[in-house]
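> Supplied in structure tokens, the structure appears directly below.
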């Protein structure tokens with residue numbers, strides 16, 4: 001199966017769907033919001049062509065479920081808030097928003113939420129129906145999505161760490177893995193594997209920057225948030241916990257070793273320096289803002305959530321309740337790609353083990369997601385200056 | 001339930017889905033194609049802003065299934081053919097296409113077809129990946145869909161005969177129907193019912209013209225195809241056949257009379273004169289071309305199709321095979337709205353009776369769909385001339 005066909009969040013609205021398991025992402029959005037507002041503020045001051053009439057925006061890797069529209073809401077609110085600050089005008093410019101994700105993404109479920117979303121936007125934000133136009137543009141964001149110089153602002157949260165493909169050469173023709181027992185580019189991976197992943201990320205992120213710079217108007221903005229490398233002191237990240245769970249299944253004879261060895265995630269956790277270096281090297285964008293932040297695995301968890309009820313695990317201590325929360329979120333993101341390689345049948349056992357590992361990490365106080373946020377402005381064309 | 005929630009074609013890819021039952025529509029598209037080409041020819045000659053760089057197009061009421069992309073293919077081919085005629089250029093302008101239908105439409109199934117569609121377009125038409133950008137804009141086409149003066153060409157096939165709502169006042173507060181035993185504005189409807197339907201169509205079509213004229217650039221084109229009134233000699237149309245089937249169910253005690261009396265389709269079959277008059281009255285558009293055409297119910301039927309195999313009806317004569325074909329197509333379009341009112345359970349019986357009625361009409365040689373095609377150009381703003 002093509003990577004694009006398995007790389008999507010769990011669809012629908014069931015207990016393991018992405019739609020029902022994204023409080024963590026909501027928390028990240030609150031971290032992103034001040035930077036988003038500042039980004040929009042600078043964009044509106046830059047006075048790009050047509051921006052006062054209709055501002056054109058896209059969310060790249062929008063996924064499905066309530067977060068998709070929370071991002072849209074944040075963008076709309078930021079535009080309206082800044083617009084009023086700057087001009088004291090009550091008239092809102094039209095906003096045309098394109099939601100982008102892969103062809104297999106569950107757009108239908110997002111579209112069904114739109115009528116009530118539009119009504120809410122009108123009631124709470126005074127945004128008249130028809131003044132915010134939400135459309136979808138399916139396809140890989142490593143390819144062209146929009147006409148040349150047509151967009152004002154591109155946003156992407158937790159997507160650009162997904163590679164366009166697993167780096168080639170990780171498994172030899174004879175089926176021998178260069179990354180034995182490991183499922184991504186981790187500290188434990190041999191240097192050639194780490195290099196192959198870095199090369200793939202460099203290639204993909206360079207393509208991403210080049211293509212989307214072509215789509216943006218000169219002076220247009222891009223705001224990206226993605227996972228990134230943590231500190232030495234952070235201990236294991238969630239991918240490590242998953243890797244450990246898979247290894248345990250192999251050791252206990254429940255999964256063939258060959259299955260593990262032939263699996264590598266199309267995902268890379270870059271360091272801040274790597275991201276900075278690629279942007280500078282590619283050359284289309286100026287970096288306006290760059291920071292990293294840490295969020296605990298169980299951030300966004302609240303005892304009021306019904307994760308406890310929905311949990312399949314016996315609740316015998318607080319870490320386990322929180323671990324169930326972490327697992328539900330993680331599963332919503334990773335299950336499709338894992339199930340397509342390891343099979344549906346092993347998923348409950350795999351995520352049960354993942355949850356136990358997550359509980360241990362939480363008990364040790366070292367369960368963190370490390371994220372990076374970068375705000376970019378498209379440099380003027382040489383002919384513009 | 002809101003009308004917008006039940007008014008959609010049968011989704012998915014099953015035997016009664018719209019996706020599998022649209023050979024008839026394909027035939028109509030071949031009727032539309034020469035007019036489409038002429039429309040595009042005039043549009044490209046009119047030299048609208050930005051049109052040589054990126055031509056912006058929408059298909060309003062795109063439905064789901066292969067026809068959705070056949071329409072897109074026809075539009076792309078027309079643009080490329082005319083572009084080459086006019087300028088002998090090998091360079092294709094980018095085409096940005098918006099597929100529009102109601103929020104409940106099955107867009108996911110269309111998106112899943114896009115990767116192979118793009119590859120085919122590249123192979124057969126030399127359209128490089130990324131030079132044709134297909135997005136979706138969900139929502140009612142009786143509301144704003146696109147930014148002001150942003151579009152070059154709007155296309156709609158077999159959609160504008162759907163009203164935004166059933167005309168009000170057809171059933172009194174006491175539940176007494178003004179259109180007893182009838183399910184739309186037919187020849188047999190009392191004059192006040194016919195007037196209520198005409199008023200609703202006039203209101204809706206006027207709104208449609210006004211809103212989409214705002215979205216079009218001055219000189220932009222709109223090409224609409226819809227069903228229309230037939231001649232006296234045409235006999236019963238398919239809605240009449242459906243109405244007769246429902247009445248038979250009532251007579252035989254299989255359906256409550258109240259159910260029939262409280263049902264009216266949100267659909268109107270206008271005459272050519274009515275359409276012409278509304279366009280002139282609304283005033284934003286100039287009529288470039290207007291014609292009606294007839295297509296037999298069983299047009300597009302071929303014995304090679306697997307309708308015979310898929311038919312639930314016993315095949316005992318040719319009309320019945322053709323009637324099964326007609327029924328499959330009709331069912332794909334009308335089942336959702338009928339099932340939401342009359343219940344799922346009665347659907348097989350209802351369509352069985354419909355098929356028998358259709359076979360009779362075909363035997364008498366008077367089964368026709370009457371269609372109308374109108375090509376419009378947005379008049380220049382007063383300030384433009």
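Cβ atoms are placed via backbone N, Cα and C, with glycine included.
As listed in Swiss-Prot for this protein:
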BINDING   A:18, A:62, A:67, A:101, A:102, A:140, A:141, A:157  S-adenosyl-L-homocysteine binding site
BINDING   A:158, A:161, A:162, A:238, A:369  caffeine binding site
BINDING   A:179, A:261, A:263, A:264  Mg(2+) binding site
SITE      A:155  site 'Involved in substrate discrimination'
SITE      A:267  site 'Involved in substrate discrimination'
SITE      A:344  site 'Involved in substrate discrimination'
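Neighbours and distances for these, please.
In sequence order, A:60, A:61, A:100, A:156, A:159, A:160, A:208, A:211, A:212 are the residues of the chain that are 6 or more apart from residue A:141 (S-adenosyl-L-homocysteine binding site) and have a CB within less than 8 Å of its CB.
Packing around residue A:238 (caffeine binding site) is summarised by its Cβ count: 22 other Cβ atoms lie within 10 angstroms of its Cβ, all protein chains included. Under the DSSP three-state reduction, residue A:238 (caffeine binding site) is assigned to helix.
Taking the Cβ of residue A:179 (Mg(2+) binding site) as centre and 10 Å as the limit, one finds 24 other Cβ atoms among all the protein chains shown.
Other Cβ atoms within 10 Å of the Cβ of residue A:155 (site 'Involved in substrate discrimination'), summed over all protein chains shown, number 26.
Within the same chain, residues at least six positions away from residue A:267 (site 'Involved in substrate discrimination') with a Cβ under 8 Å of its Cβ are A:161, A:162, A:163, A:184, A:239.
The local packing around residue A:344 (site 'Involved in substrate discrimination'), expressed as other Cβ atoms within 10 Å of its Cβ over all shown chains, amounts to 10.
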> What's the CA-CA gap between residue A:157 (S-adenosyl-L-homocysteine binding site) and residue A:344 (site 'Involved in substrate discrimination') in angstrom, rounded?
28
> Could you check what DSSP calls residue A:141 (S-adenosyl-L-homocysteine binding site) once collapsed to helix, strand or coil?
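DSSP call for residue A:141 (S-adenosyl-L-homocysteine binding site): coil, neither helix nor strand.
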> Out of A:140, A:264, which has the highest number of nearby Cβ atoms, where nearby means within 10 Å of its Cβ, if these are the binding-site residues?
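Counting every other Cβ within 10 Å of each candidate, the maximum falls on A:264.
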> Taking the mean position of the Cβ atoms of A:179, A:261, A:263, A:264 as the Mg(2+) site, which residues outside that list, in the same chain, have a Cβ no more than 8 Å away, listed in sequence order?
A:170, A:171, A:177, A:180, A:182, A:183, A:260, A:262
> Helix, strand or coil at residue A:67 (S-adenosyl-L-homocysteine binding site), per DSSP?
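Going by the DSSP assignment, residue A:67 (S-adenosyl-L-homocysteine binding site) falls within a helical segment, counted as helix.
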> Determine which residues of this chain, when A:158, A:161, A:162, A:238, A:369 are set aside, have a Cβ within 8 Å of the centroid of the caffeine site's Cβ atoms, and list them as they appear in the sequence.
A:226, A:227, A:267, A:269, A:333, A:371
> Do me a favour and check the Cα-Cα span between residue A:101 (S-adenosyl-L-homocysteine binding site) and residue A:264 (Mg(2+) binding site); whole Å is fine.
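A Cα-Cα distance of 22 Å.
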